[in-house]
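**Student:** First the structure, which I've put down as structure tokens, then a few questions once you've had a look.
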Amino acid sequence: MASAGLLQTSLIWVAYGVAVALILAVAVITTFTWQQPQERSATVSIVAIISLTSLLATVFLLPVDIALVSSTSSATLGAKKDWATPERVDSILLTLKIVYYTLYSLDALLCLIVIPFAYFWYEEYDEVEEEEGVSGYGTRFWRAMKYTLVFIVLVVILFLVGFFVPAATNDHGKHMDLDYFKRLLAANKGEKALTFAVGLLMSLGTLLYVLYTGAGLALLPVSFIKSAPSISAPQLSATTASALERNRELQRQLEMRNTGRPDGMSQKDRREMDALLREERTLVRRERLAAEARGEGHSAIFRAWTKVQAVFRPLKLLGGVLLLLLAILVWVSMLITGIDKAANSLCKQHCGYILGHINVFQPVNWIFVQSAKAFPVDYVLMAFLVLFLFSSSITGIATVGIRFLWVRIFQIKKGRTAPQALLIATVMLALIILAINYAIAMVVAPQYAIYGTQTFCVNAPSSPGEQPNCTEHRDMVRPCSEAFRDPIAKDICTPTVMSTFLNRVTLNWPVFGAIDFWAQFAFLAVFLTVFITSLFRTPRLNLSELDEEAEADEEEGLLASTGRRFGATWQDITGRAKTGSTSHAQGEYGTNGDGSESRS
């Protein structure tokens, strides 16, 4: 039996290893897809990839945690398995705790020290000084470290505050006398300092999560549904090339017509020439944008990703509808849990609105509890949910941009993101992922995240020291919850390390729990507002607007419009315009003499 338990736990860890390998691939693709090739920095790329991998690995550890604690007990009998001795369970929990604390510490180190250092390291680079030998790597290192010291001092202060400031005490009523809450309050100084630091970062991340993930959760499915381009990049490139050739031919005709005139061009010809020159600049910019949309000048990964997107573009409509249904399902589940916690929490704001047990049917939690009985089905579903929320966060950041109040500081766009913006976006994603971690464990699937499929038998044991037997009394099997008072349940129900850590944060520091909980309602409101707005807003392919943005160096893509013509798909895959359609496209998307759009 012990070997069976070892095999089961080993398979779970192997699944996590495979997931981390896939996470690394996702981090590489994300980094190289979004950063600007002309200003690419090896240091920035490496730091961004490592940071995203570490952050996603932290979130992906939750289903492993759930699977491991669930594997120690029988869901049908409500008893611990024969191999799950107290020593073996403690060993599993210790391993999980070590991995969790390592990842959390690495996340904090990356966000507060490594990424700021990489930012200043890139900022201190001066090509002229490097060529003249005035500034070397040593000088650059000390300049970057000088600014990073501010963040190091901030980290030290953060942990000192968490180490010395008193946490909440057991003085909030009878519910705080439960064994579950006593264990949460019993933490050493080191754990208390870490919970304070993580709690503060998680609360800051929750504010970003409300704005960016809330908006992105609504925009991502809609962008899939409305993503088919009205005109392909190769077709637009061919159209632009044709228009540019005709423009330059008209310029040559004007110059030849005025050759030899002593007074030069007439005013009428000069005005016409000025209009043609303006149109030429517009067409040149448009030609460059079309080339970027095809992936020219970008990495092989970016070009391959562009081709893959073109191949699967016809499936985007169906995928967008499915993602929209999933987003609505998650929204409804979060609303149900939020109302349930606000009305039925054991100790309200004093313990971060911990819910003893779910009082209303919650669909997402039910799906995870049922799928957890057939691991790794629940792991796959959880991985998909995490990636969905992560992608929604990226969509929100790309749409809203990096702002200070209403002032946009950096724009996040595929293939056009500056290294500084990439690092700042990575920090923002790090904080957002901490908030997503809380949302999944405490709001989206609370029962699944805390106890998984664990149950306990309320039938009294035949003799002291034995486990209760529900073989013939299946009706006496109860799901584990935080509110149990039965001493038998304490020996059988093992909470996940993640839920224990998060609940310890909200219980020891109630202000963090209150912020994180009530922010979920703000998240739901942002999603609903953006979703309703996106339903009535129809994006159009406005070449004049794109030209203006390109002139300001703020636009990179021409395929973000929402026409529903899938004929452009094959052209994007092959990289060639359809023969004989250039003139038609030119007539549909031509330009006037002043460079503005004309549409037949």
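Each residue, glycine too, has its Cβ placed from N, Cα and C.
Where the annotation comes from TrEMBL, it is an automatic prediction and has not been curated.
Okay, these came from TrEMBL:
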type	residues	note
REGION	575-600	region 'Disordered'
TRANSMEM	12-32	transmembrane segment
TRANSMEM	44-64	transmembrane segment
TRANSMEM	98-122	transmembrane segment
TRANSMEM	147-168	transmembrane segment
TRANSMEM	193-220	transmembrane segment
TRANSMEM	317-336	transmembrane segment
TRANSMEM	379-406	transmembrane segment
TRANSMEM	418-440	transmembrane segment
TRANSMEM	517-536	transmembrane segment
**Student:** So if I exclude everything within five residues of the ends of the transmembrane segment (193-220), which remaining residues of that chain have a CB under 8 angstroms from its CBs? That is, six or more out.
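**Tutor:** For the transmembrane segment (193-220), the sequence-distant neighbours (Cβ-Cβ under 8 Å, at least 6 residues beyond its ends) are 101, 104-105, 108, 111, 155, 158-163, 165, 167, 187, 323, 327, 330-331, 388-389, 391-397, 399-400, 428, 430-439, 501, 504-506, 508-509, 512, 515-516, 519, 522-528, 530-531, 534.
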**Student:** What residues elsewhere in the chain lie close to the transmembrane segment (379-406), defined as a C-beta under 8 angstroms and at least 6 residues from its ends?
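**Tutor:** Same-chain contacts beyond the flanks: 15, 19, 26, 30, 56, 59-60, 62-64, 67, 209, 211-217, 219-220, 223, 323, 326-327, 330, 367-368, 371, 412-414, 421, 424-425, 428-429, 432-433, 436, 439-440, 444.
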**Student:** Who are the long-range neighbours of the transmembrane segment (517-536) in its own chain, taking Cβ under 8 Å and residues 6 or more past its ends?
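**Tutor:** Same-chain contacts beyond the flanks: 206-207, 209-211, 213-215, 217-219, 222, 327, 331, 334-335, 338, 341, 352-353, 435, 439, 442-443, 506.
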**Student:** Which one, 44-64, 98-122, 418-440, has the most C-beta pairs under 8 Å toward the transmembrane segment (12-32)?
**Tutor:** 44-64
